[in-house]
Structures are given as C-alpha cells and as structure tokens.
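*Asks:* Sharing a structure below in structure tokens format, with a few things to ask.
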Amino acid sequence: MKRGGTDEQKRAAGESAADTVSDGIVVGLGTGSTTAYAIRELGRRVDAGLDIEGIPTSYQSRQLAREIGIPLTTLDDARPEVAIDGADQVAGGTLIKGGGAAHAREKLVDAAADRLLVVVDPTKEADVLDHPVPVEVLPDARRTVADAVADLGGDPQLRAAERKDGPVVTDNGNLVLDCDFGEIGDPATLASDLSALPGVLEHGLFVDLADEIHCGTADGVRVTRL
Ligand SMILES: O=C[C@H](O)[C@H](O)[C@H](O)COP(=O)(O)O
C-alpha cells in the first residue's frame with residue numbers, strides 16, 4: 001500500500017521543511033516516516049533554542065514530539081501558522097493521505113494551518129492521482145459505505161492490521177476502507193461525494209490544501225510553491 005523512496009530522500013525533504021520554521025510559531029506535526037524526519041529536525045532546533053509549539057496529528061507524532069522535547073498544544077488553544085505533513089501521492093496541490101490511517105486528524109490540523117508544507121520523495125509524485133483513497137468509517141458503517149463506494153465506481157477493501165488478526169483500528173476507534181477508483185480525474189467531486197456518505201468520518205483526499213511540496217531527490221530537495 002505505502003510507496004516509499006529512500007531514507008535519505010525522506011530525511012532531506014523532512015529537514016528542508018523543518019528548516020523553514022521560524023521562532024514563535026505553532027506548527028502542525030503530521031504523521032508518517034517522512035514527517036518523522038521533520039519532527040526530529042524541529043526537536044534538534046528546539047534544543048538549540050527555537051521557540052515553537054506543536055500540534056500533533058496522531059498518537060505517533062505526539063509520542064515522537066514528546067520524546068524529543070517539542071512543547072505541545074491543541075487546536076482548542078492555538079492555530080498553527082504552518083503544518084508539515086507527508087503524503088502517499090501528490091499531484092499539484094492535491095494529495096492522497098492516510099497510509100498510516102491518521103488522515104482524519106491530519107486533515108483537521110493541516111486545514112487549520114495558514115500554510116501546509118508537504119514532504120515527499122519522488123515515488124509519491126504523479127500527474128494524475130490513482131492511489132487508493134483511505135476512507136475512515138464508523139465500525140457500523142463498514143458495509144453501507146463499502147456499497148456506496150462501489151456505486152461511485154470504487155473498489156473498497158477493509159484495511160487489515162499487519163501485526164494482529166482483524167482490521168486496522170484508527171486512533172479514533174474506527175475502521176479504514178482503502179478505495180481504489182483507478183485514475184481520479186476529478187478529485188474535488190470525489191472528495192465531496194465521499195464526505196457526503198453517512199458513516200464516513202474522513203477520507204484521504206486533500207484537495208488543493210498544499211502550499212509547498214518539498215520533494216527529496218538524489219540531487220537535493222526540489223521545492224514547489226503552489
Ligand atoms: O496516515 C498517514 C499519513 O497520511 C502519512 O503522512 C502518509 O501515509 C505518508 O507517510 P510516509 O511519509 O511514511 O510515506
């Protein structure tokens with residue numbers, strides 16, 4: 001399911017985005033292996049005197065930020081000036097996220113931020129999105145949403161856990177359907193169709209949310225401003 005470049009590419013992208021963060025701001029802390037490099041770099045800068053607060057988007061990013069000493073706050077108390085987050089696929093400013101099943105809280109924090117910096121490697125870039133779209137559903141809605149996704153032309157698969165029997169359960173206690181729509185010609189319409197389904201908590205299409213893409217390559221980091 002998850003695509004991935006090299007650790008060096010991910011590190012370069014994460015550190016590039018983290019290095020743009022300035023003193024005195026609140027930073028949304030995304031989830032995943034690429035964002036983890038950004039969070040670690042922010043931790044190093046906090047050690048060196050950078051004054052920021054972070055808003056985590058998952059159990060994983062909260063634990064990492066706590067371990068490395070980034071002060072934390074919440075959306076109840078602050079709005080992020082910037083969020084740094086990964087993606088499973090990116091085309092222009094539109095993303096597919098949720099390979100780690102964290103997309104509901106990620107979308108909340110990323111959309112609340114003034115600017116979203118996306119950290120990826122070249123394996124995530126595409127001209128047209130075609131990665132399966134993770135859809136987080138209330139457990140009782142698993143079947144009805146799967147049927148509705150099929151009516152929309154998708155192929156829904158319940159995400160199985162890798163290290164336990166049974167399905168993945170999100171940080172919010174819900175299930176994830178990975179919905180393959182093939183090439184997604186009109187992400188905005190698909191996003192609103194999925195959002196309208198009863199029992200859908202959130203889906204992984206982030207339409208036109210990205211402000212900058214930091215793509216780590218073998219030749220350095222390519223930054224695209226949107
Ligand atoms: O739910 C997880 C997130 O949306 C991640 O940001 C996304 O899956 C990318 O993760 P990674 O950088 O590990 O490929």
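Any Cβ shown, glycine's included, is placed from N, Cα and C.
Automated prediction, rather than curation, is the source of TrEMBL annotations.
Per TrEMBL, the features are:
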- THR31, GLY32, SER33, THR34, ASP85, GLY86, ALA87, ASP88, LYS97, GLY98, GLY99, GLY100, LYS124: substrate binding site (BINDING)
- GLU106: active site, proton acceptor (ACT_SITE)
*Asks:* Which binding-site residues are spatial neighbours of GLU106 (active site, proton acceptor) here, meaning Cα within 10 Å, out of THR31, SER33, LYS97, GLY99, LYS124?
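*Replies:* Candidates kept after distance check: THR31, LYS97.
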*Asks:* Near THR31 (substrate binding site), which residues of its chain come within a Cβ-Cβ distance under 8 Å, counting only those 6 or more away in sequence?
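*Replies:* THR31 (substrate binding site) has long-range Cβ partners THR57, SER58, GLN60, SER61, ASP85, GLY86, GLY100, ALA102, ARG105, GLU106.
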*Asks:* What span in Å does the substrate site cover, taken as the longest CA to CA distance among THR31, GLY32, SER33, THR34, ASP85, GLY86, ALA87, ASP88, LYS97, GLY98, GLY99, GLY100, LYS124?
*Replies:* 15
*Asks:* Please report the number of other Cβ atoms within 10 Å of the Cβ of GLY99 (substrate binding site).
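*Replies:* Result for GLY99 (substrate binding site): 25 neighbouring Cβ atoms inside 10 Å.
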*Asks:* When you measure from the Cβ of ALA87 (substrate binding site), which residues in the chain that are at least 6 apart have a Cβ under 8 Å away?
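*Replies:* Set apart from ALA87 (substrate binding site) by at least 6 residues yet with Cβ under 8 Å, we have LEU95, ILE96, LYS97, VAL118, VAL120, LYS124, PHE206.
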*Asks:* Look at each of the binding-site residues, LYS97, LYS124, and point out the one with the fewest other Cβ atoms around it within 10 Å.
*Replies:* LYS124
